[in-house]
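What Swiss-Prot says about this one:
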- His327: active site, proton donor (ACT_SITE)
- Asp168, Asp195, Tyr198, His356: Fe cation binding site (BINDING)
- Asp195, Asn232, His317, His354: Zn(2+) binding site (BINDING)
- Asn232, His354, Val355, His356: substrate binding site (BINDING)
- Asn109: N-linked glycosylation site (CARBOHYD)
- Asn206: N-linked glycosylation site (CARBOHYD)
- Asn370: N-linked glycosylation site (CARBOHYD)
- Asn427: N-linked glycosylation site (CARBOHYD)
- 1-36: signal peptide (SIGNAL)
Amino acid sequence: MPIYTSRSCFYLLLFHIILLCSVDKTLCRQTSSFVRSEFPAVDIPIDSKEFAVPKNQFSPQQVHITQGDYDGKAVIVSWVTFIDPGKSEVVYGTSPNSYDHSAQGKTTNYTYYDYTSGYIHHCLLDKLEYDTKYYYKIGKGDAAREFWFHTPPQIHPDASYTFGIIGDLGQTYNSLSTLEHYMKSKGQTVLFVGDLSYADRYSCNNGTRWDSWGRFVERSVAYQPWIWTVGNHEIEYRPDLGEVFPFRAYLNRYPTPHLASASSSPLWYSIRRASAHIIVLSSYSPFVKYTPQWLWLSEELTRVDREKTPWLIVLMHAPLYNSNEAHYMEGESMRVAFESWFVQYKVDLVFAGHVHAYERSYRISNIVYNITSGNRYPIPDKSAPVYITVGDGGNQEGLAERFSESQPDYSAFRESSYGHSTLELRNRTHAFYQWNRNDDGKHIPVDRIIFRNQYWASNTRRRRLKKTRPSQAVERLISSY
């Protein structure tokens, strides 16, 4: 080969490597060098307009919705009233101011130390049509308030859908920035990875901060479902205050459709939405072998049908892989318990929060380790999920700024900034993912990548290989892919 041709090939190859690194960063480990201005974690004052109560004291407030069944044809509408419980009823329909359906709900309340909640209402709207805009009204007369939501497309492997991912939000000015940035995105449903109001950070676990947070996020969650994951700040275990029942506020305020997925607890459950099967786990409930959560997950993974919902996504609070000094190794026990299943069932993505920073891993696993093998480091594994920490919502505890000095080989991108992520499922084979920081005032992604679906990527390859190789050889190749 002529010298000039060899050089041309070399420079062409070099150009493509540089291009790939600059576009999707899948070949380059990166600790972001972005220098932030000072963004102190300052709470929004309780009398701010961001927490404003409705003008009519009888009006519902803190309105929020979540998916109400397994397949996205139901919505749970929740709200709070204070002066009068009123009627726990929602009227709804497909035209504004024309409500031809109604649903009756239930009312509850709770006490925590010296705080007594308002009347908390939960109402199930079921038998909805897919891909339809519904308008709904809560309250009567002058106290009534109206909202809307859009149901997801029918379950289908090529159903396109966009999720937002937010964690550790709180109620600071940084929290507001995250929420405003997200609401300008194309997100249709939020996957919330735990730590909601941070009410436990206030004196005596001030319950009014649950109320202010409910009013704060209403601007989004009254119009699109947020899929809830429990975090450590929802535990609120305070025996010094006489409070020994964990998750009291969370369980009373934020229902989940756990019964639809045969779960025994609202803290772990699963849903199907568009082309995704989403599994929600609790980092702060027992999960070792033979516990209810372990048994449930072992069954739920067998029910996943990748022919219908090719994208398998897991939500939890404490990350299984984390190179930040904050909360280092806190997810290790759950990793040991569940990681082999994640690899076996080819989970696509695992989202977590807890660490107040952002980090994305490569596809790696550490399932071959045992005390005598010496294989103690994570290795590339194309059957493994990508692990993403999005604990950078903006809460009052501030950012986790100290990453390990040397970035581990498994870590693809990390940065200590406030922000949120979006995941656009395009079809059964590809999804567009991006993380957006708040701090630079720009609405452009900082970290982005195109994900190939774990199940369909391997099955497409399997079909191709079967044309030229025997079945056993094909399965060996696929397992190593």
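Every residue gets a Cβ built from N, Cα and C, even glycine.
Take Asn232, His354, Val355, His356, the residues named in the record as contacts for substrate: the widest Cα to Cα gap among them comes to 13 Å. Put simply, Asn206 (N-linked glycosylation site) is 9 Å from Tyr198 (Fe cation binding site) when counted between their Cα atoms. Taking the Cβ of Asp168 (Fe cation binding site) as reference, residues of its chain lying under 8 Å away and at least six apart in sequence are, in sequence order, Val193, Gly194, Asp195, Gly231, Gly353, His354, His356, Gly391, Asp392, Gly393, Gly394, Asn395. Here the recorded positions are Asn109, Asn232, and the one with the most other Cβ atoms within 10 Å of its Cβ is Asn232.
Candidates Asn109, Asn206, Asn232, His317, His327, Asn427 (recorded positions) were compared with Val355 (substrate binding site); those inside 10 Å Cα-Cα are His317, His327.
Put simply, His327 is the one of the recorded positions Asn109, Asn206, His327, Asn427 whose Cα lies nearest to the Cα of Asn232 (Zn(2+) binding site). Cα distances from His317 (Zn(2+) binding site) to the recorded positions Asn109, Asn206, His327, Asn427 are smallest for His327. Residues within less than 8 Å, Cβ to Cβ, of Asn206 (N-linked glycosylation site) and separated from it by at least 6 positions along the same chain comprise Tyr115, Ala199. Least packed by the Cβ count within 10 Å, out of the recorded positions Asp195, Tyr198, His327, His354, His356, is His327. Other Cβ atoms within 10 Å of the Cβ of Asn427 (N-linked glycosylation site) number 16 in total over all chains. Using a 10 Å radius centred on the Cβ of His317 (Zn(2+) binding site) and all shown protein chains, the other Cβ atoms total 29. Neighbour count (other Cβ atoms within 10 Å of the Cβ, all protein chains): 29 for Val355 (substrate binding site).
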